[in-house]
């Protein structure tokens, strides 16, 4: 290649080479033939064991080793300590608050902010996320808990729940479903299926978390208003809950409402100030912790529980409870709900971890993250904590306060442990309305995602439909069914986009080797008798008929109809010649009969009419573009060459191969030359291996680039460009 600058702001390139078909290119350029690995080779390599592989496996299973080796003690330790203390204080408060979403006694949230963090420290690949309770996950656990152990009436008949209090039964249910979700995450990680999170697009997750925020908001109204509302699960649970709240609105505890409003206003204002002045503040003001301490002190001093009848956190037992085994019968009852918990918990944590890994320039491993969260949830559930993920606000605190590694996370767990073992009793007078208010204020980020809808509607309507469909379904049907509906809508949108791609007819930009949609540009060149058709998607069983219909629409005629008309005309001509009603002259066939041609005179099977036109026994060749004798009418075809641009075709299935071959045969049989350009080498290999080629459809129709094919066509049909010269301004001359 030779570059020749022509002016200061533009460079030009000139290339001189042969016109390459795929066959000619392979003749001139030696190709490396690589031996493909068989399943047996892959299995043998997977189970191969040597020193380097063992070392690599140890580092991948224990990522803590990798970053501990590069830990900068003097530079990072102080930042991690400050971050760990700040995150720990927030984790204590959020653990108590989010535990209410799971319909469990508040102190179990402290367990969830401790045990999973310890395991993730050793197994996780992210250095910045804060592991622990996540409101959406807590709400999903709460729906399972209230379904099996409702607020009113007996619990479901499950072995192992008899003789226990309602809180104890609910803890067993929450821990068992968390254990099962952990097993699912661990299994997915071991089987290297971390890619499943790719099916949850940002749009789907945004719609889902917005709906979850609405559910969380409604679930906290009973604490903010001081009402007794039974937990409801299943489709339309949110509507039924609102109905109960509105029916009991006259029983609202004014003290709870005032406390909640004060907390929400103050926390909201200070959080906005934290965001606005984050560059000037050394650490964000821990306003939730400050207000919680103040609320605890005021509640204790004025005895809110006795005087105003507000509900408080109550007794927080010191220490940890002994480990327990999960209930296998609960596994059977909750398997359907556990799977979306496993997916959502991992998807949210992975998306947050990915943001911080890009920001701080290190890599994370999706499969190892699955293993880390799986083991964390299994271990934590054994010690009566519920499923963990990461809360966005808590992770933001850990990162913004200077956290460099998971040592900050470990120190936050130490703070939680101190509260659990020593000073938890100080939180006993804390009103639950304070926790509800803190939860509601922290929903701002998720609720504000609704502002994305107008943007999505303007920029990408199918994505907007996915967002709205996921959000509405999750609000009305519940989070588990809503996620399934959203995933179905998302996959349907992908299928429809692939099934109905935007095919286009291309034209040459004059003086270049560039081809664009002819509808988009003015200065274009379309050689006569040539059509360039672009397919911008894979071709498979679901869109092969659409592709063929669009091709017919672009051509302006049906090749099959033309072929059948020509075969009928040939039979008529043969019959007239046999009767002597047609004579051969130097100018063509001369009709000596006035008999009009009618299709009704012919009785032929469609299969015979679909065969190639046979001109061997005719005395002279028929010019199908000229007027035919005996008033025989056949659709005129002004096209001599069709180019199919396969640059965007990534795969073909067997149904598409058959449909494509049928379409090519129909075109070839009516004397239209077909060329396929920019075809992927693996598709070409598949065509050869599937017996695609025969006497009619040959490998010679495949060309390396679109411009190669066009120059080849102009060599064969120079008349196509005589009236519109310019295409050869940029040409690849043939070598002598």
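From the backbone N, Cα and C atoms, a Cβ is placed for every residue, glycine too.
The annotation domain 'STAS' is assigned in TrEMBL to 520-713.
Per TrEMBL, transmembrane segment is recorded for 76-100 (among others). Outside the transmembrane segment (76-100), and at least 6 residues removed from its termini, the chain residues within Cβ reach (under 8 Å) are 106-110, 112-113, 130, 132-135, 138, 219-220, 223, 283-284, 286, 288-289, 292, 313, 386, 391, 393-394, 397-399, 401-405, 407-416, 419, 427, 430, 432, 435-436, 438-439, 442.
The annotation transmembrane segment is assigned in TrEMBL to 107-123 (among others).
Sequence annotations record features per position, and here TrEMBL assigns transmembrane segment to 171-191 (among others).
Residues 101, 135-136, 139, 238, 241-242, 245, 343-344, 346-348, 350-351, 366, 439-440, 443, 446-447, 449-450, 452, 456, 463-464, 466-475, 479, 482-483, 486-487, 490-491 of the same chain sit 6 or more residues outside the transmembrane segment (197-218) yet have a Cβ under 8 Å from a Cβ within it. According to TrEMBL, the feature transmembrane segment maps to 197-218 (among others).
Long-range contacts of the transmembrane segment (223-245) within the same chain, counting only residues at least 6 positions beyond its ends with a Cβ under 8 Å from a Cβ of the stretch, are 100, 103, 142-147, 150-152, 214-215, 251-253, 255-257, 260, 309-311, 432-433, 435-437, 440, 475-478, 481. Annotation comment: TrEMBL describes 223-245 (among others) as transmembrane segment.
Annotated transmembrane segment per TrEMBL: 251-270 (among others), in sequence order.
Here the transmembrane segment (282-302) has long-range neighbours at 82, 86, 89-90, 92-94, 259, 263, 266-267, 270-271, 273-274, 310, 312, 397, 400-402, 426-427, 429-431, 434, 438, 441, meaning same-chain residues at least 6 beyond its ends whose C-beta is under 8 angstroms from one of its own. The feature transmembrane segment is assigned by TrEMBL to 282-302 (among others).
For 338-358 (among others), the entry in TrEMBL reads transmembrane segment. With a cut-off of 8 Å between Cβ atoms, the residues of this chain six or more beyond the transmembrane segment (338-358) that come close are 125-129, 131, 134, 136-137, 140-141, 177-178, 180-182, 184-185, 188, 194, 196-197, 200, 202, 205, 208-209, 331, 364, 366, 369-370, 373, 377, 387-390, 392, 395, 399, 479-480, 483-484.
If you look up TrEMBL, you'll see 370-387 (among others) marked as transmembrane segment.
For the transmembrane segment (407-427), the residues of the chain that approach it from at least six positions outside its boundaries are 71, 76-77, 79-81, 83-85, 87-89, 91-92, 95-96, 107, 110-111, 113-114, 117-118, 120-121, 129-131, 292, 296, 313, 316-320, 398, 401, judged by C-beta separation under 8 angstroms. Look at TrEMBL and you will find 407-427 (among others) tagged as transmembrane segment.
Sequence-distant contacts of the transmembrane segment (465-492), counting only residues of its own chain at least 6 positions beyond either end whose CB sits under 8 Å from a CB of the stretch, comprise 136, 139-140, 143, 199-201, 203-204, 206-208, 210-212, 214-215, 233-239, 336-337, 340, 343-344, 452-453, 456. Residues annotated as transmembrane segment in TrEMBL: 465-492 (among others).
Long-range contacts of the transmembrane segment (251-270) within the same chain, counting only residues at least 6 positions beyond its ends with a Cβ under 8 Å from a Cβ of the stretch, are 223-227, 285, 287-288, 291, 295, 304, 308-311, 431, 433-434, 436-438, 440-441, 444.
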